[in-house]
């Protein structure tokens, strides 16, 4: 289950996470990863056929006609380049929707003027609403597999804000 840590080191309670998420239109849910995917998701990298198998095992979301699977792992040659790009603070014209299937990451958000880190792992489903400034960082393990749901490709383009990472 997702946890929220503030810059001062304090961890938000479940009630605080719910209140903060509601106030900022962030969706944080837990949707279990199908057990049938365990063997496929255990692989460090996935080819197109394996990625399609993963996507086919998850129900489509009609409101988000496009989806793909992002796989970041130390064995991926461009892993650090991609990870660094996501670490820059940005916003999108459309919602950013992720269903974490394997690994872990951290969505940084600004809550009431204070930076907060939403730690996500397998089964966490998060929607960062359009226009909300955020970033994404890998944990020390440097790996994650997540479905990205898109309403359209244009709304997904990042507008970098210049805030220091």
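Residue 1 is the first one shown; counting continues down the chain.
Note that Cβ sites are derived from N, Cα and C of the backbone, with glycine treated the same way.
Among the candidates 24, 30, 134, the residue that Swiss-Prot names alongside 90, 92, 96 for the Ni(2+) site is 134. Note: the Fe(2+) site is recorded as 90, 92, 96, 134; in the same chain, 91, 128, 132, 133, 135, 136, 158 also have Cβ atoms within 8 Å of that site's Cβ centroid. The distance from the Cα of residue 98 (site 'Important to generate the dianion') to the Cα of residue 92 (Fe(2+) binding site) comes to 14 Å. Counting Cβ atoms from all protein chains shown, residue 134 (Fe(2+) binding site) has 22 others lying within 10 Å of its own Cβ. Cβ neighbours within 10 Å of residue 98 (site 'Important to generate the dianion'), excluding its own Cβ and spanning all shown chains: 20.
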